Amino acid sequence: MNLDGSAQDPEKREYSSVCVGREDDIKKSERMTAVVHDREVVIFYHKGEYHAMDIRCYHSGGPLHLGDIEDFDGRPCIVCPWHKYKITLATGEGLYQSINPKDPSAKPKWCSKGIKQRIHTVTVDNGNIYVTLSNEPFKCDSDFYATGDFKVIKSSS
């Protein structure tokens, strides 16, 4: 609710940064999980860069914090351990290999499905890691597993 009593649009909410841990800890483990403003996220430290995203895969809610990080076409991706979906760490795009059925001998190429996984901002200050949730106005497929119906279903089972 806003100060005037009107409901706040969750798509336009401004989120504050939340301290999720120490830089030394994530550099050792290369990943950590946290709850930021009631949203589960995973934070990765890969090749000197920090990345944060919703913890559950956009496809079927798989646990991304248990996946491997691999490079596909020069882009670091988390590979969902359930169905091997590839998600770029930097943008949240889902990647797939395209095959030309008219030329089966051609080498498959990596293509984007678009942004499927919500990405969040990571900052470091005085050795502490902070995550700020995305307030991008578009919907991502991973939003289903981070909010609303899925959380209600999950908690009631």
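Every residue, even glycine, has its Cβ placed from backbone N, Cα and C.
Annotation comment: Swiss-Prot describes Met1 as N-acetylmethionine.
Among the features that Swiss-Prot reports, phosphoserine is placed at Ser6, with the record citing a large-scale study or a structure entry.
Positions annotated as domain 'Rieske 1' by Swiss-Prot, on the basis of sequence analysis: 16-94.
Confidence annotation: the domain 'Rieske 2' (17-131) carries a mean pLDDT of 96 in the model. Per Swiss-Prot, domain 'Rieske 2' is recorded for 17-131.
What Swiss-Prot lists as [2Fe-2S] cluster binding site is Cys57, His59, Cys80, His83, and the listing cites sequence analysis. Cβ neighbour count for Cys57 ([2Fe-2S] cluster binding site) (all protein chains, 10 Å cutoff from its Cβ): 26.
Long-range Cβ proximity for His59 ([2Fe-2S] cluster binding site), meaning a same-chain Cβ under 8 A and a gap of 6 or more residues, is found for Cys80, Trp82, His83, Tyr85, Gly94, Lys116, Asp141.
Listed in sequence order, the residues Tyr58, Ser60, Gly61, Gly62, Trp82, Lys84, Tyr85 complete the 8 Å Cβ shell around the [2Fe-2S] cluster site centroid, once Cys57, His59, Cys80, His83 themselves are left out.
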